[in-house]
Amino acid sequence: MSTVNVQIGLHELLNGSNAQIQLSVPQLVEKVLMRNEGKLTSTGAVSASTGKYTGRSPKDKFIVKEPSVANKIAWGPVNQPISEERFNKLYTKVLEYLKEKEELFVFKGFAGADRNYRLPIQVVNEYAWHNLFVHQLFIRPTEEELANHNAPFTIVSAPNFKADPAVDGTNSEAFIIVSFEKRIVLIGGTEYAGEMKKSIFSIMNFLLPEQDILSMHCSANVGEEGDVALFFGLSGTGKTTLSADPHRKLIGDDEHGWSDNGVFNIEGGCYAKCINLSHEKEPQIFDAIKFGSVLENVIVDDKTRIADYSDTALTENTRAAYPIDAIDNIVLPSVAGHPNTIIFLTADASGVLPPISKLSKEQAMYHFLSGYTSKLAGTERGVTSPQATFSTCFGSPFLPLDASRYAEMLGEKIEKHDAKVFLVNTGWTGGEYGVGKRMNLAYTRAMVQAALNGELDKVETVKHDIFGLDVPLHVPSVPDEVLMPEQTWADQAAYKQKAIELANQFKENFKKFDNVSKDIINLGGPTA
């Protein structure tokens, strides 16, 4: 099937009598309720369940092996290849399936807040609530922009269409397949809305570096003086909590590009975790869950329609999707200058990494490639004690290109724009998990504040004798002894042993990066 035939099939689908294009939020909410796809909650949000898939399905994600991308993609377990023939057959079947539906829902918008680099996108949904989700999460167009909405990358989403692995070449009934040549993402067999969000992110992670733009899995905010900060970190490291600051405006909570102009948000909304959400802990997120917002897999009381954010009966991965302008303290459009400060967050359960340290360019590249944190008991089945986990560039499931490409771009941009980089450990102090205690949040906030204010630029530091990190000897509002992790342990020998153990895990993980500059390893990695 040629690209032309693919577009003809899509054109027929979009022009069918069942296609509902660019419905407003109230219209979509009505559709969700009329079609029994979800419930209205007490705050006016829509609550929907995603069935058996309550998270992403990384083993069901494929990229079509096409001539134009075959030599560019880092093929492997993250980027699994599928043939053009298999894609074409499955695509045809999905289109035929959707043509028979009574209603389809179409959203047209953009990914990328910088007009110079934005990607026109359109999403064809079997479900109205999925269409509401993408309407809130991506960038919504003006009438004028809609009239000039050309050559979009299209997501075709059919959750109730199940693949047959024996026939279709998939690994299960679920599939997420990207064709860069045909500019199509085909999703089926899963109702988890996050697949649509992350498909567009994966696409931007391929397209942006081709234009010399670094795509990043991070949150970003800007201070009153226009100073920009990026926060990288895996789940549970405090990225959302620490980047929500009353004195700084949010650029975005999850996905950004860094171009020659500065930083821009890839999205037009937020996809926040809801587990144990409360107004006291996270008022911005709590208050954003109102009419038009989407709650995913959150238990809602049948009578009162009040959401119970502590109930994990369906999953711990409960989510809320809402437009970024549901938050007061934001920058619109979601663009800003070059980052002054970059913060890598890690929740080190071994309790050996300093609570804050300054990184050189090589150390920044090393820790960016490592993407270290600890998985804690209860976050995944089978995890009974904390495990070191490494997610390349803090976002390995979404990187189509070789990881070194992203790291090199980061290094170049840090050098060019003189960005200061810090590694902040929000994990354990005074011993490993089970012995020590979690880092005091007030201290972490004070350290982040000092980094952002430039108070650590000239402070005296000491080199960590195992990790080679520059550890500040003093941070305002933080006791000096907290800054030196070994001083918080009762047993110094046990500290050293644990630190060497973690350093060895870093080294072992880094062996997979066989094509990175030796400087990154020699100047950026552990010294012991």
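Positions of Cβ are set from backbone N, Cα and C atoms, glycine also.
The number of other CB atoms found within 10 A of the CB of Tyr192 (substrate binding site), across every protein chain shown, is 26. Under the heading substrate binding site, Swiss-Prot lists Arg56, Tyr192, Lys198, Arg319.
Of all Cβ atoms in the shown protein chains, 22 besides its own fall within 10 Å of the Cβ of Lys198 (substrate binding site). The feature Mn(2+) binding site is assigned by Swiss-Prot to Lys198, His217, Asp254, with sequence analysis given as support.
The secondary structure of Thr241 (ATP binding site), as reduced to three states from DSSP, is helical. The feature ATP binding site is assigned by Swiss-Prot to Lys198, His217, Gly233, Leu234, Ser235, Gly236, Thr237, Gly238, Lys239, Thr240, Thr241, Glu282, Arg319, Thr444.
The binding-site residues shown are His217, Gly233, Thr237, Lys239, Thr241; of these, the one with its CA atom nearest the CA of Arg56 (substrate binding site) is His217. Proximity note: of the listed binding-site residues (Tyr192, Thr237, Lys239, Thr241), none has a CA within 10 Å of the CA of His217 (Mn(2+) binding site). Taking Asp254 (Mn(2+) binding site) as the reference point, the binding-site residues whose C-alpha atoms are within 10 Å of its C-alpha, out of Tyr192, Ser235, Thr237, Lys239, Thr241, Arg319, are Lys239. Put simply, Arg319 is the one of the binding-site residues Tyr192, Lys198, Arg319 whose Cα lies nearest to the Cα of Thr237 (ATP binding site). Listed in sequence order, the residues of the same chain lying 6 or more apart from Lys239 (ATP binding site) and placing their CB within less than 8 Å of its CB are Cys218, Ser219, Phe231, Phe232, Gly233, Leu345.
Across the residues annotated as binding ATP (Lys198, His217, Gly233, Leu234, Ser235, Gly236, Thr237, Gly238, Lys239, Thr240, Thr241, Glu282, Arg319, Thr444), the widest Cα-Cα separation comes to 30 Å.
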